[in-house]
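Structure first, then comments.
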Amino acid sequence: MSETGSNEIKQWTLEPETEYRFELDPGTSLAIKLIQGNAEVFGAELAEGKHYLFGSECKAAVFTWQGCTIEMRHPSTEYVSEETPMAAYANLHIAFEQMRVRALAKFHGSPLPPGDEPPTAPEPPRVLVLGPENSGKTTVCKILTNYAVRAGQNWSPLLVNVDPSEGAWSAPGALSIAPVHGPIPTYSPANPLGSAATSAPMAMSSNALLPVVYWYGHPDTKRNPLLMDRLIRNLGENVNDRFELDQEGRSSGVIVDTPSSFASSSTSNDHRQKLIKACMDAFRINVILVVGHEKLNVEMQRAYSSYVTVVKIPKSGGVVELDHSYRERVHNYQLHTYMYGQVIQAPPGISNATLGGESLTDLVLSPSSSVIKFEDLSIFRIGAETMAPSSALPIGATRVVSEMQPVPVDPSQPGSGLLNAVLALLAPQNPDENERYDEEILDLTVSGFLIVTNLGMQQRKMTILAPNQGSVVGKTAIMGSFEWQEQ
């Protein structure tokens with residue numbers, strides 16, 4: 001390590017297959033520039049001579065295969081590690097690349113080289129990533145996805161997020177899926193899997209994604225496992241529909257990021273197993289990756305190894321233990337980023353910094369505040385606001401409100417919980433009345449998110465914050481348990 005000029009500017013020379021790890025404090029930012037060599041952040045390459053900006057308590061690492069020199073301004077907690085799991089992750093990528101090539105050859109009817117024929121019909125990788133809290137599952141998904149799109153074969157794998165506490169490309173509480181055509185950048189925990197095109201206003205971000213989003217509305221899968229199961233299967237139907245229309249694109253495969261509750265012994269084992277099975281069925285999984293958890297690996301081997309490949313992979317030593325307060329701050333960052341865009345102040349002396357390679361001005365938004373009548377928007381809550389587990393009900397008792405029942409929310413009623421609530425605005429319902437059904441809104445995708453910032457009881461009006469000025473009159477929205485907090 002060397003210092004150049006100011007104490008705020010440092011240079012690190014990294015040896016091959018080492019990584020520079022950093023953790024940012026609240027309110028700080030870090031600018032990194034690749035001086036020479038090659039480097040990547042979770043599989044996304046850095047361009048030489050360009051400043052990359054990180055903020056919002058980002059925790060990440062710059063890895064190099066062949067060695068490099070990097071310069072940074074305003075570092076926080078930082079160190080270099082010679083022990084990384086990247087060789088194991090690269091081997092996984094090579095194995096998945098072979099599966100993609102075989103699947104594509106099968107689609108085109110091309111013969112495989114002698115000795116390369118698999119014992120069964122070649123299938124693309126459909127990967128389920130499991131692991132406990134703070135194991136680095138999302139990072140593994142990001143690295144494998146980035147290596148696929150960098151392979152030069154025009155792969156566009158589908159990246160699926162079924163972790164409602166993460167939010168992925170939209171807001172916390174969402175489950176979503178998106179085809180990935182370019183490397184996913186890392187610059188803020190508010191955008192853990194990159195930026196959606198819907199949050200790029202003035203200039204389309206070159207790596208913007210177009211996700212399909214469903215609304216679960218809570219950070220914890222235990223809150224409503226039946227709804228989780230249904231939404232996972234809805235995502236699976238979207239995957240299958242896409243592959244029916246794009247048989248060649250099917251060869252790119254699917255990578256599924258999961259919540260830590262899928263590996264948690266504190267979660268009801270019955271619910272946990274059902275949700276894992278829902279993912280297995282919905283996405284037709286053929287590979288399970290277990291990140292650093294021996295007991296879970298044995299459990300998956302016993303349950304699924306007869307028809308899928310189960311692989312235990314190492315957890316990175318750079319994974320940071322995240323507490324509950326940090327996760328709540330990240331949820332707040334995500335909601336503000338959805339409404340106002342990504343706003344990170346560059347360190348002094350830097351005027352050309354980028355967020356994941358994109359200009360800072362391209363990622364700033366101006367949301368719209370508008371006043372609507374209570375009756376202009378139909379608002380529902382799925383199930384009762386508080387609901388005991390079925391096992392806690394008296395013997396023979398049944399619920400008055402089922403876990404899957406849409407319950408209308410009246411803004412004029414005290415205790416509605418609407419003030420500062422996050423609402424998921426749904427896509428239009430089926431115009432054919434004969435095709436309607438009671439729980440249809442559970443199967444509708446999300447077209448955007450709203451925040452209720454004020455309730456006027458006497459005027460029977462409410463103020464909503466939205467990313468744009470589009471009308472919401474006559475539309476339907478669902479509320480969950482997330483709330484807006486001013487920064």
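Even glycines carry a Cβ here, placed using N, Cα and C.
What Swiss-Prot says about this protein:
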BINDING   Glu19, Lys59, Asn134, Ser135, Gly136, Lys137, Thr138, Thr139  ATP binding site
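When secondary structure is read from DSSP and collapsed to three states, Gly136 (ATP binding site) falls in the coil class. The most crowded of the binding-site residues listed here (Lys59, Lys137) is Lys137, judged by how many other CB atoms sit within 10 Å of its own CB. The binding-site residues in question are Asn134, Ser135, Thr138, Thr139, and the one with the fewest Cβ neighbours inside 10 Å is Asn134. Within the same chain, residues at least six positions away from Gly136 (ATP binding site) with a Cβ under 8 Å of its Cβ are Val291, Gly292, Lys315, Ser316, Gly318, Val319. Other Cβ atoms within 10 Å of the Cβ of Glu19 (ATP binding site) number 23 in total over all chains. Within the set Glu19, Lys59, Asn134, Ser135, Gly136, Lys137, Thr138, Thr139 that the record links to ATP, no two Cα atoms are more than 19 Å apart, and one pair reaches that distance.
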